[in-house]
Amino acid sequence: MTTTVYVQDVTLRDGMHAIRHRISPRNVARIAAALDRAGVDAIEVAHGDGLAGSSLSYGPGSHTDWEWIDAVAGAVTNATVTTLLLPGIGTVAQLDEAYRRGVRSVRVATHCTEADIAAQHIAHARELGMDVSGFLMMSHMAQPADLAAQAKLMESFGAQSVYVTDSGGRLTMHDVRDRVLAYRDVLAPSTQIGIHAHENLSLAVANSVAAVEAGATRVDASLAGQGAGAGNCPIEPFVAVADLFGWKHGCDLFALQDAADDIVRPLRDRPVRVDRETLTLGFAGVYSSFLRHAEDASARYGVDTRAILVEVGRRGLIGGQEDMIVDIALSLSAGVP
């Protein structure tokens, strides 16, 4: 039986973290058009923290979500336009507006133990007729059976697929496999499973492959790995590996390579790679989007970024607690344990 993979590109959503959510609609349209020509199944677009994520806490966007969504919707003919929504940040009204502008798929994201807060948004998206996924962030912080129970909740609300979301790039291949298999044990056969990997431990492609081998059919990836921390699963090597395995997908490898090298890499103000800071994210199990916040605090208060990230991991901070990074930096600079 041939394995078919649904490839969703996240360059224009998770990738926003890598460029501080600052990109022109023109460049968004260029990237979206290139991805569409390259044959990806879906293109996710929004502020890095989802609809309405632009703020002082998460980082202000250079443009509105609507400008970016319009740019993507106007540039694609085949790929599904997708967005991300975090309940408590994005609202049902904003989901309606995204739908009006051409978004037909949404991932409703919560912390891995808080699926219950997604009920209203998932149900409303289904009422709109959207393709709806549950997105359990920081999946390394819950054991497989506990995570699967949260996935089952999202399914009960109406999610048609649920993701193992390795926001901290902390999972190993065995960890991913165990979580996907735990999902499969409790979810209906018709409910798809997805994987969202980060490269902080240099395992993004390997983890995505392990997930597919365990039964996942949806894979997040991005051009040149554009994403928070050391980036997401780089789409070019993932597609190359998928070809070697004989998996079915619609992507043109050379077209993806061209888009990555000619369009995306030149837009960066910081290399997206495994280095001493991003490796620390994975090792300490820290939310990948905390990287730029920690680097800013390091520069301001004269504290090693790695020390900040290790303390963030020790405290178990999660998305939405970005303000605590400054508190940690101040404490470390004052020698307070």
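Cβ from N, Cα, C; glycine included.
Predicted, not measured: the structure shown is a model, and the values here were computed from it.
Quick look at what Swiss-Prot annotates:
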DOMAIN    5-257  domain 'Pyruvate carboxyltransferase'
BINDING   R13, D14, S167, H196, Y287  substrate binding site
SITE      R13  site 'Transition state stabilizer'
BINDING   D14, H196, H198  Mn(2+) binding site
ACT_SITE  H17  active site, proton acceptor
Minimum Cα separation from H198 (Mn(2+) binding site), reported as the residue among recorded positions R13, D14, H17 that achieves it: D14
Winner by Cβ contact number (other Cβ atoms within 10 Å) across the recorded positions H17, H196: H196
Secondary structure of H196 (substrate binding site) (DSSP, helix/strand/coil): strand
Of S167, Y287 (the binding-site residues), the residue whose Cβ has the fewest other Cβ atoms within 10 Å: Y287
Additional residues surrounding substrate, by Cβ distance to the R13, D14, S167, H196, Y287 centre under 8 Å: V10, H17, G48, M137, T165, H198, G227, A228, N232, S288, S289
CB contacts for D14 (substrate binding site) [other CB atoms within 10 A, all chains]: 28
Maximum Cα-Cα separation in Å among residues R13, D14, S167, H196, Y287, which the record lists as binding substrate: 15
DSSP-derived class (H/G/I helix, E/B strand, else coil) of R13 (substrate binding site): coil
R13 (substrate binding site), number of other Cβ atoms within 10 Å: 30
The residue listed as 'active site, proton acceptor' and Y287 (substrate binding site), Cα-Cα, nearest whole angstrom: 12
Check: same-chain CB within 8 A of Mn(2+) site center, minus D14, H196, H198: V10, T165, D166, S167, G169, A197, D220, S222, G227, A228, N232, C233, S288
